[in-house]
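Enquirer: Annotation comment: TrEMBL describes 169 as active site, proton donor. TrEMBL lists 273 with the feature active site, nucleophile. For 108, 174, 239, the entry in TrEMBL reads substrate binding site. Under the heading domain 'GH26', TrEMBL lists 15-338.
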């Protein structure tokens, strides 16, 4: 159990946003919500078939959590960096909300210093802070993000609560906001400015998620933490690249640290990105991932997207791990959309 109830980082958060945080707090010990990135727009071998989902094709139910990304909205692109049209994304977010699901959004924004991708590590963080030479560029981009987020409304006109996860994996150095490309003070200032700027644009329907990649201890995890008043959810992104034993050891180390921080700071914790590309082990879901999920008090787990046969993170029809994924789905510890719809009413 967490030590006490948590208040939203945004004191002006909408009632629906406060309710979502309360629900995520309330599932501790009851199970872990299962999520999938870009679940509805496409899967392995198909695109834009209304109502379709690789997860649903395999187990008969939708995920409880749906991941989206705003990358390229800052460039006035009609679609995100993975080619999902923003107009369609808005529709999907509404559909998910109507079905009782949870939406989480990351932002692989381009480098505002030279126009390169999020992976272009040209140093720019200092320049986009207040007083910097590129500050006007960044605030212009934030205006576009705010406009998009304010367009995410339910049928009754209320804003749909969103878990917003900016500047993820910052403890690595593959993104321009990463560890080696800005100082601790610059990163913290960037986070705090971003949150306050969005709030100044009347964006009050976000839960803010802070998700690190590598960290050896709590001090490393918290080195660039922007403050309890800026964060609702703490998480980690971790993928399997070698043996399941090594992956299990990695997650035990990371999630053990995360759980202690969550308890001490009264935060919701999550495995904000994970997966094993192509899932080459038929029993991976119940043999590797499930025991980990059962060992820690996580609100949700998000597996990455299903782009094609060479890049996917959940099974599709005919995949070798389908039978095991069904067992994973049937386990009481995993919560998919039907489970969440029932359980959320009680929280």
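Keep in mind that glycine also has a Cβ here, set from the backbone N, Cα and C atoms.
Caution: TrEMBL annotation is automatic and unverified by curators.
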Enquirer: Under a three-state reduction of DSSP output, how is residue 108 (substrate binding site) classified: helix, strand, or coil?
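Expert: DSSP assigns residue 108 (substrate binding site) to coil.
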Enquirer: Using C-alpha atoms, which one of the recorded positions 108, 169, 174, 239 comes nearest to the residue listed as 'active site, nucleophile'?
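Expert: Result for the residue listed as 'active site, nucleophile': the nearest of the recorded positions is 239.
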Enquirer: With every protein chain in view, what's the tally of Cβ atoms within 10 Å of the Cβ of residue 239 (substrate binding site), excluding that atom itself?
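Expert: Result for residue 239 (substrate binding site): 15 other Cβ atoms within 10 Å.
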Enquirer: Taking the mean position of the Cβ atoms of 108, 174, 239 as the substrate site, which residues outside that list, in the same chain, have a Cβ no more than 8 Å away, listed in sequence order?
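Expert: My list of surrounding residues reads 119, 168, 169, 172, 175, 213, 237.
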Enquirer: Quick check for the class: what is the C-alpha distance, in angstrom and rounded, between the residue listed as 'active site, proton donor' and residue 108 (substrate binding site)?
Expert: 11
Enquirer: Relative to the Cβ position of residue 174 (substrate binding site), how many further Cβ atoms are located within 10 Å?
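Expert: Other Cβ atoms within 10 Å of residue 174 (substrate binding site): 13.
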Enquirer: Which one of these active-site residues has the most other Cβ atoms within 10 Å of its own Cβ: 169, 273?
Expert: 273
